[in-house]
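A.B. asks: Sharing the record's features from TrEMBL:
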- 186-227: coiled coil (COILED)
- 14-31: compositional bias 'Polar residues' (COMPBIAS)
- 56-316: domain 'F-BAR' (DOMAIN)
- 1-31: region 'Disordered' (REGION)
């Protein structure tokens, strides 16, 4: 187990023995195991101590071996199915985030359009002097700000929305293949288990038959010869061999399912980490674009601030008077 704690590069080192289940190389008595939905686990009363495959990591490969009661019905849901549902839900959340960003883009585009339209408004266009220049710059800043928001919306589309939407386009199809693969292994395991039970039942019948014939011979209730007893014994031995063969085939199927479960759940775990990291990176890109937009918006009002600091009511009055004066000679009293 120490190798498993340190490395999963070689999946061949993993086997159901690590879960306490039986295998062709190490058989356990029926009293030491319990089979639930065709999967064999250590019996709760005699459960050996088990080491997690990836201690302290809360890894998928350690916590989804059993089936879970289906809250929507009377059946059960395989642990692997829960992991697939998690993956598909993650894909749906990613799609909804992309749709959310698209709505954000639409708001930006509408805002930019309204800003550009407002910048062309003629209200107060007859203001004069330094205040008139500042007012004209206010209107121009709206057009500049509109351009900033258009660029922001374009970058949101190319650098956030589109990557979120297109990430793993064939993901559902890939998950379906994965689901079928594990489901087929589970069906094979169920088939092998049915064969074991059938062989176990056959052995019980052969043993009962042998015992009955032996007792009849001993108490002289039957004319069965010793040859009949030998024949019954051979059939009983054959039934025992058949049971052992079926158990070996079952354990081989369970070992294969176990190995594929470990490999696949670790891959699902890697995919989930990758998905979360991808979304985090693109949301960080969103916040970076927002910071840049705020910076550019600030730059559009800086010229306005500069002109507002230069507004001089006295100078404006002088310029206006020079242009519109009607005369500087003041009236005097009338003389008689």
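Just so it is clear, glycine is given a Cβ too, placed from its N, Cα and C backbone atoms.
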A.B. asks: In the same chain, which residue numbers or ranges, 6 or more beyond the ends of the coiled coil (186-227), come under 8 angstroms Cβ to Cβ?
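C.D. replies: Distant Cβ neighbours of the coiled coil (186-227) are 35, 38-39, 78, 233, 235-236, 238-240, 242-243, 245-247, 249-250, 253-254, 256-257.
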A.B. asks: What mean pLDDT does the predicted model reach across the domain 'F-BAR' (56-316)?
C.D. replies: 93
